[in-house]
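*Asks:* Please see the structure below; I have some questions.
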């Protein structure tokens, strides 16, 4: 059977490119997953592939190849994918769609330094090109520790899989953390780019795949309502919070030595800051979006002195959800003298005309009060209030809160008169909820991002410069913490250490209670 070659810019010839009503469907292609035995592949990647197929967004001849150090047959691999899909898929299970997807499954056993295994992988993909018409177009998903990226990329290069000929394409997908600091990030980027050109590298930040994060662009640039007040004249400060209520039991191998700042602030929260603070791009072309994010990150720096504008903590024993939980140092796998922070908060300044003088407060942590991610623009108080103090006792500051998860949506908080004969003003909320406004469920972030990889659409993926600028911003705080003692303890189920509360109180502000 003659291979079916498809151009990198494959388009459905029956569809008008201006028609936005129909979803984009990937052309002939396949995907190889390295690290198929890990949690990421099992809980996120495999279910997302099935959900895309179930929604009709993958080509009928799509192939999925697993690579791991296991003595498995293709049938064994298929069972692993089946179990993952049954447990974690978002859409209903349909046997017919599953059977069609499973026809494209293959498995290659081997280690990352095994030349023969990669030769077998190349042979397997060549057969799939001939038998299923994948067209020589393959995405390589590295669901593996970053230390293994260079050796896998080199093996893909040696086996001829990294640089396809003609109109075929090869793309590599890598997961955070993108390095440990600026120096290691540059080293990692250099190793990956030695094999794959930058336009073929897709760095997954799953927060950018969330509908509410993408809605920041619509909220800001499709509505005249918000732009006039989206600046230092009206905004007092911005709070970006990612809180989790879970602990780290069983994750010591990954988390110990990394900590909350490297795990979340360097990537997720810096990207949320960039989307919140960037200027309007000339278009939604990937290069235009990336240019604006790079500009705002270039203008961002840590506020000083760092002992007053940053905070780090480590959760101690406490109560969470009605249960008594242990502290980090009593979790399995953590040394009793571990200095890994489970809470981090920093103050950033964005030195642009729009944001000069507006502090951006970023915080993240484990074992906090509840699971929530939000961006809150807190506005300045009205310059003159013709009310006496008793009328406004319960009045706070106006705020716009973008809820990323859970209960995705937007809340506007403002003052309103309480019904009655007296002039009493109290805060009220105006709510927009995705779940109420739209009948269709939001797709899982990995669905959108994997589809974008297969389509060659890089808008939602950070480039080298963004990654390195984020490290450049964060590194001074990491170095300061390393040189100054241990993290402050905070009780599980609370909202972080006292030092984080004091960080805002020094300036007359308070953290929002999500």
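Just so it is clear, glycine is given a Cβ too, placed from its N, Cα and C backbone atoms.
Sharing the feature lines straight out of Swiss-Prot:
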type: ACT_SITE; residues: 268; note: active site, proton acceptor
type: BINDING; residues: 69, 176; note: NADP(+) binding site
type: BINDING; residues: 206, 210, 244, 263, 366; note: substrate binding site
*Asks:* In Å, rounded, how far does the Cα of residue 210 (substrate binding site) sit from the Cα of residue 69 (NADP(+) binding site)?
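*Replies:* For residue 210 (substrate binding site) versus residue 69 (NADP(+) binding site), the Cα atoms are 32 Å apart.
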*Asks:* Which residue, of the recorded positions 69, 210, 268, 366, has its CB surrounded by the fewest other CB atoms within 10 A?
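*Replies:* So among 69, 210, 268, 366, the recorded positions given, the one with the fewest Cβ atoms within 10 Å is 69.
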*Asks:* Using a Cβ-Cβ cut-off under 8 angstroms and a sequence gap of six or more, which residues of the chain neighbour residue 263 (substrate binding site)?
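*Replies:* Residues satisfying the criterion: 176, 177, 255, 364.
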*Asks:* When you measure from the Cβ of residue 206 (substrate binding site), which residues in the chain that are at least 6 apart have a Cβ under 8 Å away?
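*Replies:* 44, 445, 446, 449 - these are the non-local Cβ neighbours of residue 206 (substrate binding site), listed in sequence order.
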*Asks:* Counting across all protein chains present, how many other Cβ atoms fall within 10 Å of the Cβ of residue 244 (substrate binding site)?
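*Replies:* Excluding its own Cβ, the number within 10 Å is 18.
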*Asks:* Taking just the CA atoms, what is the gap between residue 69 (NADP(+) binding site) and residue 366 (substrate binding site) in Å?
*Replies:* 32
*Asks:* Return only the integer: C-alpha distance in Å from residue 244 (substrate binding site) to the residue listed as 'active site, proton acceptor'.
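*Replies:* Cα to Cα, residue 244 (substrate binding site) and the residue listed as 'active site, proton acceptor' are separated by 14 Å.
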*Asks:* For the C-alpha pair, I'd like the distance in angstrom between residue 366 (substrate binding site) and the residue listed as 'active site, proton acceptor', rounded off.
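*Replies:* Rounded to the nearest whole number, the Cα-Cα distance is 15 Å.
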